[in-house]
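Student: Sharing the features that Swiss-Prot gives for it:
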- 146-163: compositional bias 'Low complexity' (COMPBIAS)
- C41-C113: disulfide bond (DISULFID)
- 21-129: domain 'Ig-like V-type' (DOMAIN)
- N135: N-linked glycosylation site (CARBOHYD)
- N198: N-linked glycosylation site (CARBOHYD)
- 1-20: signal peptide (SIGNAL)
- 21-210: topological domain 'Extracellular' (TOPO_DOM)
- 232-238: topological domain 'Cytoplasmic' (TOPO_DOM)
- 211-231: transmembrane segment (TRANSMEM)
Amino acid sequence: MRSARLGRLLWMLFITEIQAATELPEEKYILAEGETLNVNCPVTVGVYSNSRKAWQKLNRNGKFQTLAITERVSGQVSKVQVGKIFLTDEPSEGMLHVQMTNVQAEDSGLYRCVIYQPPKDPIILFYPVRLVVTNYSSGTPASAETPTQSCSPTTTLPPTTTTNRHRPRPRTVRTVTQFLTDFTTSLSSPGLKVTLTNVTDITRDTEISLILPAVCGLLSKSLVFIVLFVVTRMSFTP
């Protein structure tokens, strides 16, 4: 009886550890009401170029709800607008651009961009995005961690679009992805025409880096479970 209870306890612990190991880190964006969220999701060129992409949000029931879906257009740029959500799929560049304008407090939550392929499960393209919308104005800092003091008069500036106001994490993969995002944004000014040649390699490295930690975590948890199981069997063997 004791061995059966211990076995069930070990199994529950094993399942919990597996779920924790397979969870992806989040990208956090902190915006004020009325600002615009911009997210660039890398797509593997030649693999998912012609696949439909979607922007989803986690609802209160714990399930992701599809907010907008792109059309399947072979080799061409696809643009879709659903309310204040804009999706731009650029197959040649291997990038899905997501834009949400005039964000409000109720827009706060967890989002993700995926390959949309029902009835199959969607394929996550990028880190889940955690959006936090505050009620601060555009001229007020969204966080109290970096206060500024000034004795001179201040000038109120018109609202601006904030594309990437989040705290960077010390991860190599995220640094590469963020570099690609900032580089793409900085080259989006009118009159500039630049061809990116290494997008495929970066997106492939991103996918490998997403899968490799989950596999390593699963293998490590399996090894722990096997050792615990052997020790349990030996302790109850007469």
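A Cβ is built for glycine as well, from the same backbone N, Cα and C atoms used for every other residue.
In terms of burial and nearby residues, how do these features look in this structure?
Tutor: Non-local contacts of C113 (disulfide bond) by the CB criterion (under 8 A, 6+ apart in sequence, same chain) comprise V39, C41, K53, A54, W55, Q56, L96, V98, I124, L125, F126, V129.
For N135 (N-linked glycosylation site), the same-chain residues lying six or more positions away in sequence with a CB closer than 8 A to its CB are A32, E33, A105. N135 (N-linked glycosylation site) falls within neither a helix nor a strand when secondary structure is assigned with DSSP, and so counts as coil.
Across the topological domain 'Cytoplasmic' (232-238), the model assigns an average pLDDT of 68.
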Student: Could you tally the C-beta atoms, other than its own, that fall within 10 angstroms of the C-beta of C41 (disulfide bond)?
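Tutor: There are 25 of them.
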